[in-house]
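Student: This is the structure, below, for whatever I ask next.
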Amino acid sequence: MQQTFYKYQGTGNDFVMIDNRQQTFDKKNTEQVAFLCDRRFGVGADGLILLENHDDFDFKMVYYNADGNESSMCGNGGRCLVAFAKQLGVIKDKAVFEAIDGLHHATIDGDIVKLQMLDVDTIEKHENHVFLDTGSPHHVQFENQIEAFDIKTEGSKIRYGSPYNEAGSNVNFVKKVNDQIFTVRTYERGVEDETLSCGTGVTAVALAMHAINETTENLITLQVQGGELRVSFDVENGLYSNVWLIGPAKFVFKGTI
Ligand SMILES: N[C@H](CCC[C@H](N)C(=O)O)C(=O)O
């Protein structure tokens with residue numbers, strides 16, 4: 001059966017988007033999801049996202065990594081889904097939707113989508129890295145030679161190594177530019193490669209940098225391979241709230257396969 005899909009990208013993190021309000025997509029078909037995400041044999045994407053109806057909110061988000069498995073929250077994917085929902089006429093310029101990690105508020109103005117992320121009250125500060133969950137698990141560590149660093153090799157070692165093992169974590173390498181700007185490169189679990197941007201990842205980096213006193217700012221710019229994202233937040237007694245991921249989400253093309 002032909003499948004209509006829409007391709008979106010948010011700072012180079014790209015997704016196959018499907019309008020599943022009629023519940024026609026076979027959600028158990030891992031092979032089909034992996035095929036659609038395959039960059040040689042399929043459409044090609046870091047992940048696949050279903051837009052579904054919700055009784056109480058604007059829509060529901062279901063996210064799959066490129067490996068075909070349903071996964072945890074995708075920040076850039078959530079931003080792209082808001083833009084997709086507007087393109088379909090499901091929303092106008094704001095949304096409240098349910099994702100695997102709970103409810104998300106969002107606004108859209110042109111290409112710019114602002115997505116509210118989870119509150120974070122637990123940030124593990126280790127000797128050489130920080131670990132936190134911003135809707136997906138993130139390992140954060142400094143790498144001053146970030147431009148030449150072998151993200152896939154080194155990220156994979158951390159992702160599959162102890163304590164993450166098979167369940168894994170996303171891995172973010174960070175270089176400080178100044179108190180307002182950090183450069184980030186991310187190895188993504190479930191893509192098992194570097195992605196040009198990771199929304200929950202840059203959110204994790206922004207909060208981690210504040211938590212370890214690398215900055216006192218609460219509006220931080222993250223330079224990623226695919227562009228720039230911003231993260232804003234409030235913090236009180238170690239609780240990070242009112243966390244917003246801000247950046248572009250763009251329609252690329254519509255197709256059938
Ligand atoms: N690969 C991640 C989910 C997608 C995260 C990323 N695409 C984002 O924008 O947050 C994981 O399995 O934890």
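A Cβ is built for glycine as well, from the same backbone N, Cα and C atoms used for every other residue.
Any TrEMBL annotation is an automated prediction that lacks curation.
Got these off TrEMBL a minute ago, pasting:
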- Cys74: active site, proton donor (ACT_SITE)
- Cys74: active site (ACT_SITE)
- Cys198: active site, proton acceptor (ACT_SITE)
- Asn13, Asn65, Gly75, Asn76, Asn170, Glu188, Arg189, Gly199, Thr200: substrate binding site (BINDING)
Student: Pick from Cys74, Cys198: which of these active-site residues has the biggest number of other Cβ atoms within 10 Å of its Cβ?
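Tutor: Compared across Cys74, Cys198, the most Cβ atoms within 10 Å surround Cys198.
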Student: Got a sec? Which of these binding-site residues, Asn13, Asn170, Thr200, has the most Cβ atoms within 10 Å?
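Tutor: Buried the deepest by this measure is Asn13.
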Student: Hey, of the binding-site residues listed (Gly75, Arg189), which one tops the CB count within 10 A?
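Tutor: Most Cβ neighbours within 10 Å: Gly75.
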Student: With a radius of 8 angstroms around the mean position of the C-beta atoms of Asn13, Asn65, Gly75, Asn76, Asn170, Glu188, Arg189, Gly199, Thr200, what other residues of the same chain does the substrate site pick up?
Tutor: Asp46, Gly47, Cys74, Gly77, Ser136, Thr186, Val191, Thr195, Cys198, Gly201
Student: Reported as an integer number of Å, what is the Cα distance between the residue listed as 'active site, proton acceptor' and Arg189 (substrate binding site)?
Tutor: 11
Student: May I ask for the distance between Arg189 (substrate binding site) and Cys74 (active site, proton donor), taken between their Cα atoms and rounded to an integer number of Å?
Tutor: 11
Student: Could you give the Cα-Cα distance between the residue listed as 'active site, proton donor' and Thr200 (substrate binding site), in whole Å?
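Tutor: So the alpha carbons of the residue listed as 'active site, proton donor' and Thr200 (substrate binding site) sit roughly 6 Å from each other.
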